[in-house]
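Since the structure comes first, as structure tokens, the remarks are kept for the end.
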Amino acid sequence: MASNYVFSVLRSLLLLIHTVFLGQHHVSSATIIKSLPGFEGPLPFELETGYIGVGEEEEVQLFYYFIKSERNPKEDPLLLWLSGGPGCSSISGLLFENGPLAMKLDVYNGTLPSLVSTTYSWTKASSMIFLDQPVGAGFSYSRTQLLNKPSDSGEAKRIHEFLQKWLGKHQEFSSNPFYVGGDSYSGMVVPATVQEISKGNYECCNPPINLQGYVLGNPLTDFVYDYNSRIPFAHGMALISDELFESLKKTCKGDYRNVHPRNTECLKFIEEFNKCTNSICQRRIIDPFCETETPNCYIYRFLLAAYWANDETVRKALQIKKETIGEWVRCHYGIPYNYDIKSSIPYHMNNSINGYRSLIYSGDHDFEVPFLGTQAWIRSLNYSVIDDWRPWMIKDQIAGYTRTYANKMTFATIRGGGHTIEFKPEEASIMFQRWIKGQPL
């Protein structure tokens, strides 16, 4: 009995020392940013940037942007936001999606592009961490040659380690409700991260992270469901004919991804499908198709962001360490990466069993990860419905449709939305604020 008591006391002391150590030594740097090049005047919110080292020798330096809630940071939730890719910078979220800044869409004239405030930032209702991950994305870098390339499951562990160290330094947020969010390819990483945090709360880590749930937009979840939904989606959106759709169904048997080379009929009709859809904007089918970043094209803002993020005055203001990376790119698709999660459905199941809330939303004009695939894998969970399919409204207008399930999962569409939420920022912001407050959409 006595030895057990002594062991318990020693263990508690070690955990306390470990927590203090994390808070004092494991954050590589953190700086409050009062102003940014390209933005006129002081920033109307509190921005912090910094690096946190993860790994045995803290060889991986993850860069982050932290923005306090513009409402009540002492009590509002804390949301970690992960961009997709894998390899896309968190500037995608900060400047194009749900952050408080955006690129001013002027034609580039050789001077520094301008930034403007946004009206529908999710920081109106929560504090947010925008994280550059995996290593090589955005401004994150490695101090040494990595023995193992990043992976889906490995990123979940690194993100968990990042959060432990970040909260060790920002203990005033340790009791705030915590959520993980993301879109696109992060549909593979976010559910695994939630499970990793949950596991850590039970097994190893003190203090526990106050994890409440997660939010995902147009998430890649299961290659079979998501890829095979593209052809039914194209038919429903009048991108292909009835005859071609029926021929595809008959010859491919519903599997358009793993077609046997000898199934020449199926391959022939898939080629016809591609001819019909190759010049469609994948991100939102009603937008112009653009092969280059021209001023009249939506992706022109990506070019402006590259000019902005590669400017030396911007890097100095953000406290980017010199000579850690070369040219900043919005999405570094060439990162060596191990795609070791083929389906995140089991993670969704485990997270629901553990009682975590989830909001899964889809822009209904996204061709990259169509809402049909998302609906299909959600149905495969066999959750009972507690609030059946209905429109959700903003100012007496239909903003989308929603359904709520017994396991605290809410699915919603955003009418007219695309692959990411910047196409419908007001609708997305109102949807998020209602959900995060526990209100029905």
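Heads up, residue numbers simply count up from 1 along the chain you see.
From the backbone N, Cα and C atoms, a Cβ is placed for every residue, glycine too.
The structure displayed is predicted, hence computed values, not measured ones.
According to Swiss-Prot, the protein has these features:
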{"type": "SIGNAL", "residues": "1-30", "note": "signal peptide"}
{"type": "DISULFID", "residues": "Cys88-Cys331", "note": "disulfide bond"}
{"type": "CARBOHYD", "residues": "Asn109", "note": "N-linked glycosylation site"}
{"type": "ACT_SITE", "residues": "Ser184", "note": "active site"}
{"type": "DISULFID", "residues": "Cys252-Cys266", "note": "disulfide bond"}
{"type": "DISULFID", "residues": "Cys290-Cys297", "note": "disulfide bond"}
{"type": "CARBOHYD", "residues": "Asn350", "note": "N-linked glycosylation site"}
{"type": "ACT_SITE", "residues": "Asp366", "note": "active site"}
{"type": "CARBOHYD", "residues": "Asn382", "note": "N-linked glycosylation site"}
{"type": "ACT_SITE", "residues": "His419", "note": "active site"}
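Here the features listed in Swiss-Prot are placed on the structure.
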residue : record                      : DSSP (3 states)
Cys88   : disulfide bond              : strand
Ser184  : active site                 : coil
Cys252  : disulfide bond              : helix
Cys266  : disulfide bond              : helix
Cys290  : disulfide bond              : coil
Cys297  : disulfide bond              : coil
Asn350  : N-linked glycosylation site : helix
Asp366  : active site                 : coil
Asn382  : N-linked glycosylation site : coil
His419  : active site                 : coil
Just to be sure I understand the packing, how many Cβ atoms besides its own are within 10 Å of the Cβ of Asn382 (N-linked glycosylation site)?
9
Can you give me the same-chain residues 6 or more apart in sequence from Cys290 (disulfide bond) with a CB-CB distance under 8 Å?
Cys281, Cys297, Tyr298, Ile299
Active-site residues near Cys266 (disulfide bond) (Cα-Cα within 10 Å), from Ser184, Asp366, His419:
none
Which residues in the same chain, at least 6 apart in sequence, have a Cβ under 8 Å from the Cβ of Cys88 (disulfide bond)?
Ala137, Gly138, Ser184, Tyr185, Arg330, Cys331, His332
Taking the Cβ of Ser184 (active site) as centre, how many other Cβ atoms lie within 10 Å?
24
How far is it from Cys252 (disulfide bond) to Asp366 (active site), counting Cα to Cα, in Å?
23
Proximal residue to Asn382 (N-linked glycosylation site) among recorded positions Asn109, Asn350, Asp366, His419 (C-alpha distance):
Asn350
CB within-chain contacts under 8 A for Asn350 (N-linked glycosylation site), separation at least 6:
Gln195, Ser198
At the level of the C-alpha atoms, what whole-angstrom distance separates Asp366 (active site) and His419 (active site)?
5
Close in space, distant in sequence - Asn109 (N-linked glycosylation site), Cβ under 8 Å, 6 or more apart:
none
Any idea what DSSP makes of Asn109 (N-linked glycosylation site), helix, strand or coil?
coil
Disulfide-bonded residues listed as Cys266, Cys297, least Cβ neighbours within 10 Å:
Cys297
Cys252, Cys331 as disulfide-bonded residues, winner by CB count within 10 A:
Cys252
Counting only residues 6+ away in sequence within the same chain, which have a CB under 8 Å from the CB of His419 (active site)?
Asp183, Ser184, Asn218, Gln282, Arg283, Arg284, Gly363, Asp366, Phe367, Glu368, Val369
